[in-house]
Amino acid sequence: MIFVGLSHKTAPIEVRERLAIGRDRLPEVLARLTAHPAIGEALVLSTCNRVEIYASPRQQAPAPPRPGSAPPPSDEELSRNNEALRAAVATLVGLGGDAVRGHLAGRVGSDAVLHLFRVAASLDSMVVGEPQILGQMKEAIEVARGAKTLGVRLGRAAHRAIKVGKRVRTETAIGAGQVSVSSVAIDLARQIFADLAGHTALLIGAGDMAEAASKLLVRAGARLIVVNRSPDRAAALAREVGGEPRPWADLERSVIDADIVISSTSSPNYVVTPDLVRRARKARKGRSLFLIDIAVPRDIDPAVNKLDSVYLYDVDDLSQIVAESVEGRAAEAARAEAIVADEAQAFEAWTLERALTPTIVGLRARTRSILVAEVERSLSGKLRHLGVAERQALAMMIDAATNKLLHVPTTRLRAMASDPRVAEHVDSLRELFDIDGAPPENAAASALAEGELRGAVDGPPTPRSARGAAPPASGARGGGSPRHADPRPQAAEDNGVYARQPGGRPAEAGVMAVANPAAAVSAAGLKGA
């Protein structure tokens, strides 16, 4: 898994706003990413403070090398491959230009997972502890699921990230009080006006951040005006908090009436321009105008800051207030970091154990195939008389024996998942049990995980002589003939002791003609682990 992106920590707002990806564009970007031959899964998180892409390679790492095979890729080769993949991701989403490259951050493997978890826990947010990021991440995951770009690995990482965020908010007080970009904006307003009571605040926009800001403004005693392109949304928000809704056409008049303007829309263009502010200044008769722009892309043209008696602040200007907030939450942030580290370690353990799944599946298939072959040999001979109940009991006994035989080896193998020498242990195990060399039809016996033996449903075979047919010739199997002698006992074929392969040819004794084990593994979500 890799991560490529930028945030308020690596790029100024003028860079972030150029690269912001709106929700309506996310499916297109996700499709472009997963169309790349090297990318199997993708997740895009775009907020006012970050644009981040998480991706997982289409092909997982190969199984441990067999003796005499080519050596595994070196750390240098893996690094080059990861760098190439990161470069491809950056280019596909428009982050590959020279002007942007210096602002990019990247992580690979467990470091990428750790970063994802820290973001979900709001530890990487401009305002540590802010709750909005968890909702934004849920929305990004929902879009990726809808676009079918989340698979086993990245899908699980995303799911765990949400759990991590919830756990941090439940087990720590990192989100206590008012912690969000909106709350920081109101704190700034309080610094400008010692008391907001009696002052008029204009809120441009009616989204989540605008709603949060409106409640704080009203609580502080400010008179609130709400302007939004959608009159209905403006009216709904104003009604909820006791403000005054105005149509978009009254934006300039509202700027004239306001002491402070807070803007938070999703517009791709400036909604407050220097010309609008110049006209408003004349009508304001020298009153200072304070504007706080918490939107990305920005709503207010930064050129208005050059006008007399006009003071503009954007999200990057809120950093000093944020720093004070972080200091007060240092202890809770440390507790949150410990939770994130614990969850990241657990995810890494799952990843390592998952890589062992093909070997464990192969070992169980190998063991089961041997037991099945021996039991079916007996069922075609001395135990032909067994009924349905007895055959079902044998099937259960095979399962129980397989589980008991392999419980200790598989438990210890999983415990070795984080051992640097695990590849050597796995290779030895596959060599000792000839897991890679097992005939496909023997491996197919793994389907007995369902607990079936041929004949367990059909019941005991009816002797051929009882159906009016002659008994098997002396040269038939079971009468001392060579292994490949034919014909095989017709009763055995008719009653399922021998399964038929495609084309009607009976399989070897003790072999189950069932689905390809690779397909079964794939259906179980384990292929390529």
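The chain as shown is numbered from 1 upward.
Backbone N, Cα and C atoms are what each Cβ position is placed from, and that goes for glycine too.
According to Swiss-Prot, the feature substrate binding site maps to Thr47, Cys48, Asn49, Arg50, Ser125, Glu130, Pro131, Gln132, Gln136, an assignment based on sequence analysis. The region 'Disordered' annotation in Swiss-Prot covers 56-80, 454-505. For 62-73, the entry in Swiss-Prot reads compositional bias 'Pro residues'. According to Swiss-Prot, the feature site 'Important for activity' maps to His115, an assignment based on sequence analysis. Residues or ranges marked as NADP(+) binding site by Swiss-Prot: Gly205, Ala206, Gly207, Asp208, Met209, Ala210.
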Between Gly205 (NADP(+) binding site) and Ser125 (substrate binding site): CA-CA distance (Å): 22
Output field, NADP(+) shell: CB within 8 Å of site CB centroid, site Gly205, Ala206, Gly207, Asp208, Met209, Ala210 dropped: Glu211, Ala212, Ala213, Leu237, Ser264, Thr265
Env. residues of substrate site, Cβ within 8 Å of mean position of Thr47, Cys48, Asn49, Arg50, Ser125, Glu130, Pro131, Gln132, Gln136 Cβ: Ser122, Met126, Val127, Ile133, Val181
Site with most surrounding Cβ atoms, counting all protein chains shown within 10 Å, from the binding-site residues Gly205, Gly207: Gly205
Cβ-Cβ neighbours of Ala210 (NADP(+) binding site) (radius 10 Å): 23
Cβ neighbours of Asn49 (substrate binding site) where a neighbour is any other Cβ within 10 Å: 24
Where Gly205 (NADP(+) binding site) falls in three-state DSSP terms: coil
Residues Thr47, Cys48, Asn49, Arg50, Ser125, Glu130, Pro131, Gln132, Gln136 [recorded substrate binders]: greatest CA to CA distance in Å: 15
Candidate nearest Gln136 (substrate binding site) in space, where candidates are the recorded positions His115, Gly205, Ala206, Gly207 and distance is Cα-Cα: Gly207
Sparsest-packed of the listed binding-site residues (Thr47, Ser125, Gln136) - C-beta count within 10 angstroms: Gln136
